[in-house]
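Step one of this worksheet: look at the structure below.
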C-alpha cells in the first residue's frame, strides 16, 4: 500500500508536452507527496524548465524567482529540465536561490536527489520507458507517449541537439507495453510525441519505424484514438501519410513544422528539404479525407529578404493550414544562425503581424467548418458549473482549440470519453456543442 507523506509538492511543468511526460515521471517517483498548486504551502517546489528559445528561458527564470520569493522556510526549490541542462555550468551561480539543480538525464532519480539534497547531471538523456511509473495529469482519458528523445537534424536555428543529444528511439515493444498499461487504466486516447517523430527508429537502421508503430498500435486494439505530433519534412514520406490515412485508430492529423516554403530560405535554415518535397507532402495530406493540418513557421531568420517573405505569405494564404504557429526568430547560442546578420526586430514584428492575420482567417474558417454537423470528439472534464470541456478527436490537447459542451441528448450523466457531438455556435474562439451519443 502506498502511504502518503504529510508533505506537499508543487509541480510546475513549463514548455512542451515532451517536458510534461518527464514531469509525470517525476510525479511517479514522488507519489507519496500530496500535490498542491500553492507554492507558498509546498514543502517541495519542483519546476521543470524549458530552454528552447529566449522567451521560454525568460519564463523559466521568472518562474524560479517567483517560487524562491514565495516558498516557505525550509521548503526545497528544485529546477530540472532543459534550462538547467543547457546552462548547467553557470546556472548555479546565476540563480543561487535554487536548492537542487538537475538536467534532462535524471528524472527517475528525483526522489533520491531530494533525500540527499544534492544536484545531479548525468551524461545520458533520460527516455521514459514502460516500467517508469507516471502520474498522468490533466485528463482521465488522454495520455502522451514519448517515442524518442534527441534529434539528428542540423537546423541552423535550433539548439535542442546541443542539450538533448542525438536521436534515441525507444524499442517498439516498450511503447506497446506502455500503451497497454495506460489503456487498462482508462486512457484510450493518446498523442505520440518526440523531437522528430517521423525519424523514429532511424537510429536503429529502420526507415519505416513510425509506420511500424502505427500498424502495431492498430493490431493491438487497446486504443480508441490517437495522433502523432512533430513530423519532420525530410523524414516524412507518402507511405507514412498513407499509413495514417488507413489507420482505424490514428486520426487524419498532420503536424509538420515546415518553418518556411522558399527554397533559398530552407537552405539557409539547413532544413535538408525543398519546396517541392514540402508541397508533395502537404498536397498528399490535403487529399486525405477530413484531414487536419498544423504547421509552424519561423519569421525573420537571418538573411530572410522581402521576396522570400512574400513567397511564404502568399503560400500560407493559398494553402490554408487549419492551425499555424508563428514564431519570431530567436538567436540561440551554439547554433549556426546565432552569428549571422539579423533581420531588424521592427521588420520581424511587421511580418509576424501580417502572417498572424492570414493564420487567424483560416483558423476561423476551420472552426466554422465544424458547425451544424456531427463530429467525433473526446470529452475530457468538467469546465465550471455548466460545461464540459471537449475537443475534436483529430485535435491535439491544449493547442488546437476548445469545445464546450452545453447540452446533451443522453439520459445518463456525461462523463469523460468518446462521443459524437454537434457544434452549433462559434464564439470567442470557442465552439459550443451538444452531445448526441457515445461511441
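Just so you know, glycine gets a Cβ as well, placed from its N, Cα and C.
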Need one residue: from 82, 151, the one Swiss-Prot lists with 16, 50 for [4Fe-4S] cluster 1. 82
For the domain 'Radical SAM core' (137-368), mean pLDDT (0 to 100): 98
Which listed residue (50, 82, 155, 158) has most other Cβ within 10 Å, given these are binding-site residues: 82
Where residue 155 ([4Fe-4S] cluster 2 binding site) and residue 50 ([4Fe-4S] cluster 1 binding site) are concerned, what is their Cα separation in Å, rounded? 19
Can you tell which of 16, 151 has the least company, meaning the fewest other C-beta atoms within 10 angstroms of its C-beta, among these binding-site residues? 16
